[in-house]
Amino acid sequence: MCGNKLCLLHLLILWGAPFSFSAFDNSWHPARASYYALKDPTEATAGACGYGNLMKRGYGMSTVALSDALFNKGASCGGCYEVRCVEELRYCIPGTSIIVTATNYCAANYGLPGDAGGLCNPPNKHFVMPIAAFEKIGIWKAGVMPVQYRRIKCIREGGIRFTVTGLGIFHSVLISNAAGPGEVSAVKMKGSRTGWLPMGRNWGSIWHISADFKNQPLSFEVTGSDGITVTSYNVAPQNWQFGQTFEGKQFPS
């Protein structure tokens, strides 16, 4: 037992604490999945997260587009999911699951009901993946099948990558290859003549800021959705150029 003031203080501490463990609670959740076909895997480009060529970025074909209920206005970009087929025993491949990274958005189609064409309409939780990924857990003839999913930590090779583009004082930074939560919730950027400056999410995994970083080495502070922050000092040299990609430290996985 505790006194009223102590209990209240304890509750306030709990409410204010980042419940990072809840994202990886190991629970399976119901959803549905479908696929799209690509004649050439190198066509897996663009997407609402801004990664561009998914093969070049290292994500390959193990990717997924999320419905509105999961996409979270781009905050879910980079997150990893384990997905398995359930219920449709005619089409499921028993004992299998696949790990995919969120790289795109499946837009709602309000002109059609959620069970007849509007697969990604709220509140549906839906995954759209390349057929190469889909066929690792089910037979393509299923078309749309029930699945279960759970959030898992991402495992990546190398460090977080920063691709810097822009013009003048406008800087746009694509953040990719993030391990751990995969999802990035905050970014700060620093030059040798500036302090730490917060960036805003432009769209997906692209962050932006307007500041003078010319002829300065660049540092980045990246916070994942689990609250863990990784700081990469001087990852870009003083003579960096727009269009270059730099590699920094990595989240624990």
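Glycine too: its Cβ is placed from the backbone N, Cα and C atoms.
Taken verbatim from TrEMBL:
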type	residues	note
SIGNAL	1-22	signal peptide
DOMAIN	46-159	domain 'Expansin-like EG45'
DOMAIN	169-248	domain 'Expansin-like CBD'
**Asked** Given the model, what does the mean pLDDT over the domain 'Expansin-like CBD' (169-248) come out as?
**Response** 98
**Prompt:** How does the domain 'Expansin-like EG45' (46-159) divide up by DSSP, counting helix, then strand, then coil residues?
**Reply:** 18 helix, 36 strand, 60 coil
